[in-house]
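The structure under discussion appears below in the form of structure tokens.
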């Protein structure tokens with residue numbers, strides 16, 4: 001079947017985010033009869049099912065799986081909850097992890113497990129899959145009644161244009177975006193009688209281009225620590241006050257160099273504070289990112305497991 005062309009991805013030079021006129025599902029456009037029973041949940045329109053199939057490049061034998069894969073729990077409000085995409089999301093998450101493990105293992109035949117894990121994660125994490133949902137327009141078919149979700153998606157669309165490939169922990173995409181990609185992949189896996197090659201064909205096209213060893217970025221906390229180790233500086237990331245003022249601060253040799261405030265997640269505030277400190281250090285030293293050594297693929301520090309602060313002192 002012919003696939004629908006995806007919206008053009010934004011680049012760092014774009015002044016505006018990609019044009020994404022909101023799609024209103026047919027069941028939201030049509031006025032259903034007043035005599036419909038309480039709690040009536042309209043089915044997904046056939047034209048919308050066909051549009052999703054065109055984006056995926058896959059014809060479902062069981063069309064109801066498309067509807068199920070795009071139905072969020074809030075869609076049933078205020079009536080009794082019904083079936084949602086959660087089970088299909090579980091299935092899709094598992095098969096994507098397996099298939100991406102196979103892909104990076106085959107592609108990078110001498111790479112050790114640590115970098116392989118990072119490459120795999122970058123291609124199936126929440127941000128990457130959320131980008132897939134937006135750039136392919138799949139978010140427009142999401143069936144939900146979550147009042148804040150449309151605004152959150154729009155903020156993500158605008159912010160992701162600042163990072164053409166991946167933000168490496170600086171953005172906080174709505175998880176529902178990655179959920180529906182996983183649930184649609186799970187639906188294809190089930191509908192195709194668990195055909196992994198068919199699933200990979202669909203996902204490979206959806207996720208193109210995959211993040212490669214050459215385009216894999218570095219986590220800002222990891223990069224900050226490595227930079228300070230090389231330049232013999234001590235680092236301390238102060239997180240104790242986040243619960244009070246939503247701020248994370250970075251001290252370099254005891255001096256405040258970077259900070260960030262983010263209400264939703266401490267981890268995002270921490271990553272942004274690390275990035276701010278790193279940029280300040282590079283500016284102070286008169287270095288640009290191009291003058292630094294190429295980013296390696298070491299694992300990011302598991303900093304959130306350490307309460308209070310992160311601390312390293314140069315020897």
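Quick reminder: no glycine exception, Cβ is built from N, Cα and C everywhere.
These numbers come from a predicted model, not from an experiment.
Here TrEMBL flags 1-38 (among others) as region 'Disordered'.
Here TrEMBL flags 24-35 as compositional bias 'Basic and acidic residues'.
Mapped onto DSSP classes, the domain 'RNase III' (49-193) shows 95 helix, 2 strand, 48 coil. Summarising the annotation, TrEMBL assigns domain 'RNase III' to 49-193.
The feature domain 'DRBM' is assigned by TrEMBL to 219-283.
Sequence annotations record features per position, and here TrEMBL assigns region 'Disordered' to 289-315 (among others).
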Residue distribution over DSSP helix, strand and coil in the domain 'DRBM' (219-283): 33 helix, 17 strand, 15 coil
